[in-house]
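What follows is a short report on a single structure.
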Amino acid sequence: MNPEYDYLFKLLLIGDSGVGKSCLLLRFADDTYTESYISTIGVDFKIRTIELDGKTIKLQIWDTAGQERGRTITSSYYRGAHGIIVVYDVTDQESYANVKQWLQEIDRYASENVNKLLVGNKSDLTTKKVVDNTTAKEFADSLGIPFLETSAKNATNVEQAFMTMAAEIKKRMGPGAASGGERPNLKIDSTPVKQAGGGCC
């Protein structure tokens, strides 16, 4: 039987409340944006199928909205994730400082070889920007993970963020990988080194 897709990737969006995770998801999955998006209670997910290098990839994207206020996202949420997008708000220094804690959550609960992507959202608010692009890029580089600034409002880099993540996962899984499931023989080429104390800015 021929499945309708070659790969199924589970992606997570994590980060502080209000950084625009749901807006990024809505922009990518439905190409919509609303100023008055009400915080999701519990877990929400959307599916979008993309084409990449001649392969059909189904992306199942989970939004952690609601629980992150107390950082009570359960370990089951991370289980089986192929990629995790850590989002902060470029106009909110605290949301950027908290990125380190989110990365620690990933180290604690996600599979060892999960792909990560750092995203600074709300890049359209140039006059309110407090987190410097260079600072965030250097931090991401030090961990060996990709970094992008996005705007869910005007769609800047939203498509690119999810496509980058899908491409990175596909590259890690290699040719002939099954659709989903853990592959213990995957080589781990960019496991981040845990940083010692201090803020990330």
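Quick reminder: no glycine exception, Cβ is built from N, Cα and C everywhere.
Copied over from Swiss-Prot, here are the features:
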type: MOD_RES; residues: Met1; note: N-acetylmethionine
type: BINDING; residues: 17-23, 33-36, 39-40, Gly66, 121-122, Asp124, 151-153; note: GTP binding site
type: BINDING; residues: Ser22, Thr40, Asp63; note: Mg(2+) binding site
type: MOTIF; residues: 30-45; note: motif 'Switch 1'
type: REGION; residues: 64-83; note: region 'Switch 2 region'
type: MOTIF; residues: 65-80; note: motif 'Switch 2'
type: REGION; residues: 173-201; note: region 'Disordered'
type: LIPID; residues: Cys200; note: S-geranylgeranyl cysteine
type: MOD_RES; residues: Cys201; note: cysteine methyl ester
type: LIPID; residues: Cys201; note: S-geranylgeranyl cysteine
I need the nearest neighbour of Ser22 (Mg(2+) binding site) among the binding-site residues Glu35, Lys122, Ala152, using C-alpha distances.
Ala152
Counting Cβ atoms within 10 Å of each candidate's own Cβ, which of the binding-site residues Cys23, Ala152 comes out highest?
Ala152
Just jot down the residues in the same chain as Lys122 (GTP binding site), at least 6 apart in sequence, with C-beta under 8 A of its C-beta; none if empty.
Val19, Gly20, Asp89, Val90, Thr91, Ser151, Ala152, Lys153
How many Å lie between the Cα of Ser17 (GTP binding site) and the Cα of Asp63 (Mg(2+) binding site)?
11
Of Glu35, Asp63, the binding-site residues given in the record, which has the fewest other CB atoms within 10 A of its CB?
Glu35
Can you tell which of Ser17, Ser22 has the most other C-beta atoms within 10 Å, given these are the binding-site residues?
Ser22
Averaged over the region 'Switch 2 region' (64-83), what pLDDT does the predicted model reach?
70
If one measures from the C-alpha of Asp63 (Mg(2+) binding site) to the C-alpha of Cys23 (GTP binding site), what distance in angstrom results, rounded to a whole number?
10
Where does Cys23 (GTP binding site) sit by DSSP, helix, strand or coil?
helix
